[in-house]
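S.K.: Supplied in structure tokens, the structure appears directly below.
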């Protein structure tokens, strides 16, 4: 409100929403009480009742769905908040872990386990991360529904479970490594979104490419060969298997599966950007497509990115393209 909004206004981002639907009591009642996406049979009935053609009624429902979406200014402010948090918590984690012996030697995570002291800096690092991921868990149900809802839901559950479980079992040393590793790429994604909202397309593309490189290096390289190596093999060697060992590593492996899925989508999106000069689709985009674009191009392609009325594209979470209007 006091920082992000003035920044957005200075960058020329207007607080204007999408085109509003024409007031119609009958259609509004259907929209609020029955369905937001009527099928063909219902559309035919409404067409006869209102003496409107079916295409006009479809357009009305698209406009009505779109008018509830947040404005670009709102999305800019939310992304700036996430960017600020991710960047701050990442540098906090790096500063804290730089002097920690287990940052340089992962076997230190298991020496004298579980009798390892919980310092105040480590405690605040954990509690801040846990609070943030709980907020993401709850806000997912009020945000625009996206096709990756289930994947993100599983991700948030696994993350919260890991943070809570590792804290209760005093596995906080290896837990800090996991948290810091995951924060390394997230602020780059939010920076790319901010650049897109401000219409700095080259900067947006650069941030996304950098995000893709960091994401793949950390999630497919460092994570399995550094984190999973110490939790699966070094812990087994130094302290032996224990009942919670299976659950802990099961959650970590679940995260790795999600990393592979997201990395595939990022690589596919980036390859299309390199070939075409821009990204036209994204499987993780909003379920809702833009009304005005559909009205103009009825034969438009369906798929990864849905194109909005100003030519931008939508993205949420960890996969993006060269244009990103819709988060």
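Each residue's number is its place along the chain shown, starting with 1.
The backbone N, Cα and C atoms fix where each Cβ goes, and this holds for glycine too.
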S.K.: Between 43-62, 63-82, 123-142, which stretch does TrEMBL give the note transmembrane segment?
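M.R.: Per TrEMBL, the stretch marked transmembrane segment is 123-142.
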S.K.: Checking distant contacts: for the transmembrane segment (123-142), what same-chain residues at least six beyond its ends satisfy Cβ-Cβ under 8 A?
M.R.: 85, 89, 92-93, 96, 149, 152-153, 156-157, 159-160, 163-164, 167, 172, 175-176, 179
S.K.: Could you tell me the mean pLDDT the prediction assigns to the domain 'TLC' (74-275)?
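M.R.: Across the residues of the domain 'TLC' (74-275) the model's pLDDT averages 89 on the 0 to 100 scale.
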